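Can you read through this structure? Questions will come right after.
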């Protein structure tokens, strides 16, 4: 009986996602799994020459500054 109970507990632990982490885009196609304390995905524009802008993406603890910041808290929301 103890063996059955232990088996059920182990299966439950393996099936549950006890350590949920956020996944954000780091580049245009590249993704990164955020650290547990990073709860925000961000995207903002870095001014470049000739009126162009380079997007910066990643994980953070708060919404950063920058041109046209976009911050969100769901997986892959900073495309």
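Just so you know, glycine gets a Cβ as well, placed from its N, Cα and C.
According to Swiss-Prot, the record shows the following:
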- 1-21: signal peptide (SIGNAL)
- 24-41: disulfide bond (DISULFID)
- 34-59: disulfide bond (DISULFID)
- 63-71: disulfide bond (DISULFID)
- 72-77: disulfide bond (DISULFID)
For each of 24, 63, count the other CB atoms within 10 A of its CB; which of these disulfide-bonded residues has the top count?
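Ranked by Cβ atoms within 10 Å, first place goes to 24.
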Starting from each candidate's C-beta and looking 10 angstroms out, tell me which of the disulfide-bonded residues 41, 71 has the most other C-beta atoms.
41
Show me the subset of 24, 34, 41, 59, 63, 71 whose Cα is within 10 Å of residue 77 (disulfide bond); these are the disulfide-bonded residues I mean.
24, 41, 71
Would you say which of the disulfide-bonded residues 59, 72, 77 has the most Cβ atoms within 10 Å of its own Cβ?
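Answer by Cβ density within 10 Å: 59.
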Using a Cβ-Cβ cut-off under 8 angstroms and a sequence gap of six or more, which residues of the chain neighbour residue 34 (disulfide bond)?
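The answer is 21, 22, 23, 24, 41, 59.
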